[in-house]
Amino acid sequence: MAGDSRNAMNQDMEIGVTPWDPKKIPKQARDYVPIATDRTRLLAEGKKPRQRYMEKSGKCNVHHGNVQETYRYLSDLFTTLVDLKWRFNLLVFTMVYTVTWLFFGFIWWLIAYIRGDLDHVGDQEWIPCVENLSGFVSAFLFSIETETTIGYGFRVITEKCPEGIILLLVQAILGSIVNAFMVGCMFVKISQPKKRAETLMFSNNAVISMRDEKLCLMFRVGDLRNSHIVEASIRAKLIKSRQTKEGEFIPLNQTDINVGFDTGDDRLFLVSPLIISHEINQKSPFWEMSQAQLHQEEFEVVVILEGMVEATGMTCQARSSYMDTEVLWGHRFTPVLTLEKGFYEVDYNTFHDTYETNTPSCCAKELAEMKREGRLLQYLPSPPLLGGCAEAGLDAEAEQNEEDEPKGLGGSREARGSV
């Protein structure tokens with residue numbers, strides 16, 4: 001009996017029966033067809049359109065839907081108002097002042113109505129709470145004069161109205177709070193360093209090429225302003241969906257890309273454009289990615305540049321991203337820095353330009369094995385680029401190899417040359 005159940009279980013696993021409800025699969029994985037095997041569960045990818053995780057401008061394409069606990073936004077009301085767009089912020093700014101003026105204007109009119117001041121308009125012997133207050137419009141104007149502290153003119157409060165004096169104190173205090181809150185919100189929104197990021201540039205493409213006999217992923221950053229970014233730092237992340245060995249689908253998994261954190265190269269002195277380099281080593285997520293695999297993979301590299309604005313001391317952040325189609329294999333960036341009389345000049349017309357260079361099409365793992373076996377000479381610069389010393393070094397190495405070979409097996413140089 002136990003053997004029959006075990007055989008039935010094995011048959012179910014072989015034919016690919018899925019034990020879970022497809023409706024419970026995450027939304028990001030619904031375009032994938034689950035396949036069950038005896039070792040692991042794989043997801044066969046279906047056709048779906050590509051979508052950027054982050055725009056080139058730094059805007060994240062993430063929408064927060066079905067948020068039920070909306071009260072959390074009200075608990076942090078100041079940040080919520082600052083994050084609003086300008087048109088909504090100005091609308092809230094106008095509505096708050098208008099509502100407070102109308103509210104206190106109604107209370108001033110209500111006091112005058114209860115005291116009977118509206119029935120004795122023009123009576124010289126009657127002492128009203130507020131002189132020359134004849135209706136709701138005049139009460140509304142008196143509320144504006146009180147809250148904005150522009151000074152009383154035709155309408156003024158009298159000393160025979162204690163409830164009016166208390167209301168005057170309350171409106172003055174609440175008006176100051178509203179002014180501090182709304183003006184502070186507008187000031188913070190105006191002084192945000194988001195516009196400073198507009199003058200921080202990222203290259204349109206990232207490149208992969210050889211640098212110091214190692215494959216490197218590189219991109220270029222620059223600052224258009226003469227005022228520098230203080231304590232500038234750069235970091236990068238690889239955004240790529242993956243599946244664990246247990247069959248769990250992780251959409252938009254984030255993996256750190258080392259751009260010099262261990263050596264301090266991630267701390268930038270951004271006076272002129274800099275090329276940020278990521279060495280593709282064993283710890284790199286691109287360790288086993290070749291040129292052919294680059295065109296088959298789907299990933300996105302997000303780069304984040306942070307620093308303090310020199311003029312204000314506020315933290316500024318600029319972001320950009322590179323999809324797999326924007327990573328050029330076998331390219332280098334065109335130099336933009338030239339030496340002039342007494343200064344260095346940066347030509348931003350060629351900031352995004354690249355040129356092709358001799359780069360192996362294999363992955364960094366295979367390249368490291370070739371280097372250990374001494375088969376890396378074909379990817380080094382050609383002899384005219386290396387100069388006479390390199391040519392002499394290659395000739396000396398060839399002569400040394402001839403001397404080391406047995407005469408019976410090696411033959412003469414002329415014989416090998418003819419072959």
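Quick reminder: no glycine exception, Cβ is built from N, Cα and C everywhere.
On a predicted model such as this, the values are computed, not experimentally measured, just so you know.
Among the ranges 148-154, 211-217, 288-294, 309-315, the stretch that Swiss-Prot annotates as intramembrane segment is 148-154. Long-range contacts of the topological domain 'Extracellular' (112-135) within the same chain: residues 142, 154-158, 160-161, 163-164, each at least 6 residues beyond the stretch ends and with a Cβ under 8 Å from a Cβ of the stretch. Remark: secondary structure over the topological domain 'Extracellular' (112-135) totals 8 helix, 2 strand, 14 coil, with classes taken from DSSP.
When pLDDT values are averaged over the topological domain 'Cytoplasmic' (1-86), the model yields 62.
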